[in-house]
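Below is one structure, written out as structure tokens; the observations come after it.
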Amino acid sequence: MSIATSLGFPRIGRRRELKSALEAHWAGELSEAGLQEAARLLRAESHSLQQGLGIGHIPSNDFALYDHVLDTACMVGAIPPGYGWRGGEVTLPTYFALARGTGGGDAAAGLPALEMTKWFDTNYHYLVPRLAAGQHFAVTANRPLALFREALARHRRTRPVLLGPVSFLLLAKTDDGSDPLDLLDRLLPCYAQVLAELAAEGCAWVQMDEPVLALDLAPKARAALRHAYETLARGATPRLLLASYFAPIADNLPTALALPVAGLHLDLVRGRDDLAPVLAAIGPATWLSLGLVDGRNVWRADLRAALATAREAARALGGSERLMIAPSCSLLHVPVDLAQEDRLDPAIRPWLAFATQKLAEVATIARGLDEGEGAIAEALEASDAALRTRRDSARVHRTDVAARLLGATPEMERRPAPHAARRARQRQRLPLPAFPTTTIGSLPQTSGVRRTRAALARGEIGAAEYDEAIATWTEDAIRLQERIGLDVLVHGEFERNDMVKYFGEQLDGFAFTRHGWVQSYGSRCVAPPIIWGDVARPRPMTVRWARHAQSLTARPVKGMLTGPVTMLQWSFVRDDLPRETVCRQIALALRDEVADLEAAGLAIIQVDEPAFREGLPLRTADREAYLRWAVSCFRLATAVVRDDTAIHTHMCYAEFQDIMPAIATMDADAISIETARSRMELLEAFAGHGPSAYPAEIGPGVWDIHSPRIPPEEEILALLRLARRKLADDQLWVNPDCGLKTRNWREVIPALENLVGAARRLRAEAIPA
């Protein structure tokens, strides 16, 4: 008999209970004990649900209060100096100091948070472990064991999930730039201890996540994997299920298959080609976990096709006794339960599956494999019907959108003049000071803003009253920015609920959920739109409020749009068309909006692409094609303006070195990037030398907005001085790392005042009186 299993379940709860508990704790309204009890209840509910769905191997230690990579760092004592940790179990205040920084308004006493970056090619963010060259590791507390015992007390024998030692090190950074893998022998005793204690407790299986197997690995990394698992195998351990996901294991398969582990998990949604070579080479006693249900998207599985794949594997293995049926990856990346969605279009709803439904699909496939098609005939018929109605829907496939795509030409992707010529015309139109100051876009969305939006949604206020409130907040924001002294203003985006949802709600082809939340980082949750059909813009989306804001001030106000690649990346995308095609549909819709903003008098239009690198395939061989169409889509959306209109863009935390040619080819007039946590390290990619230098203007973030800490003026000035060493003065803008929507005005006003003050001091240094 096969085993239905899961690699991980969403942490946040059906109603975002984790978010509520965390934010209450941070506000001083919930004790540490209360927070831990809320977490315990969430874990119990998750395990009960999975057991009820027929999941045989239920994961534990897939839950984290903030981030599972941070949990691993805390477990092995990888705490940087300065956070007050002196050994022993890491306290909750220290844990949150690492995650969020400390100090608040007391900047002098504050500590910065750990650097944050994207988890592979997803929109989940992890905290980057910071290691010393001679890092000492020690188990501070065996959290996997504690959570195994917690579940065991509820009569559930779970399979703990650990981030594997090699992936942990490759996801980390060292203070001196040395190779983290050099620390492997120091780290392995911690893993050996954790595994031995789990084995002694009667734990049968442990899931070891080594997602770096989906990357192009150097020989040293492959050798590290062999050394790590051979070392661990010499000790007392439960059976290990080695899990990789997000891309094919491909040329790392010989390494994975040679490791002394009891089982191997394959992502057969993104790595279907791995199956045949694994079936041909897998050991006679090794278990195989088949990731047949997409753990990263919301579409219902093709149960008949999945069952056929499971049968193929069973035939090759001589039966289903060594097979596990699973999602492709952790279900962290999808919403919890479709059953909560009572307002979805009834035509679209049958095409979808969230985490709960996906585990039901997993259990159904396992049952069909073991008992035959007849046992799941009703489920197979429902799956077939959903696929058929989606394929044949005239709402999904629109002839007008197809015709416009066919009519798009390469000329539509080219600006009239090169950047140098455009820069002169833009500066003539907007004579800004050296080191101009601005923000990235959004301003704090206070409880009053959220209450007003909710009141409109509930029908408690009308559109006129809502619009009056938005107009008031917008004018207040303009006046505040003028008083602070910012050079280029934003309207604040008070009318926007989310930088993707706001646009998707006004575009054809998008659907929205009420409870479709997924974790981005910590307590930050997003509800991605679902792109279910061809995309088109029925009417202008942002022009009204942009025009209104510009009418209130003589200073330039930026038009603010979310770019086509980010709209794609931060949505659940239809899987019946190539992603490139969907992105071009979005680009054409945004092109019309860009043209309308320019016609409304906006001199700067910012088209944000924070997810541009996030879409980069994990495998090098696949990247050129992605970058080609991603750049093409950005240019298709933006190359509609005159030379004296500036196109800005913004990108979030990422490693830019390997995509710099593509970023330059986007042909934006200015780019802002998140650099505060890395202390301008990311600027190295943009500085370059000669032809490799980024040709346009750059705004390196000087204030980490993901932390409540207020950076002092001296700190911002120091970062700007670092930036001046890498960039020409006429390239440098001064701005925060990201939008300010999630911060409050008590943090934002003094931080912006410090930012403007630092820019003025920098001007004085650069241009002495």
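Cβ coordinates are placed from backbone N, Cα and C, and glycine is handled just like the others.
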In Swiss-Prot, L-methionine binding by I440, G441, S442, D608 extends, among E482, E493, E655, to E493
Given that Swiss-Prot records R16, E17, L18, K19, K118, R524, C525, W570 as binding 5-methyltetrahydropteroyltri-L-glutamate, the matching residue among E475, E609, E614 is E614
In Swiss-Prot, Zn(2+) binding by H650, C652, E674 extends, among C583, C738, to C738
If you tally other C-beta atoms within 10 angstroms for each of the binding-site residues I440, C525, the top scorer is I440
I440 (L-methionine binding site) sits from C652 (Zn(2+) binding site) (Cα to Cα, rounded, in Å) at a distance of 11
Note: in the chain of S442 (L-methionine binding site), residues six or more apart in sequence with C-beta under 8 angstroms of its C-beta are V490, G492, E493, R496, M499, G739, L740, K741
Here the Cα-Cα span from I440 (L-methionine binding site) to H706 (active site, proton donor), rounded to a whole number of angstrom, reaches 13
In chain order, residues whose C-beta lies under 8 angstroms from the C-beta of G441 (L-methionine binding site), counting only those at least six residues away in the same chain, are V490, E493, M499, K558, M560, Q606, D608, H650, G739
Other C-beta atoms within 10 angstroms of the C-beta of L18 (5-methyltetrahydropteroyltri-L-glutamate binding site) total 24
By a 10 Å Cβ neighbour count, the lowest-scoring of the binding-site residues C652, C738 is C652
Residues sitting within 8 A of the centre of the I440, G441, S442, E493, D608 CB atoms (L-homocysteine site), not counting those, run T439, V490, M499, M560, Q606, H650, C738, G739, L740, K741
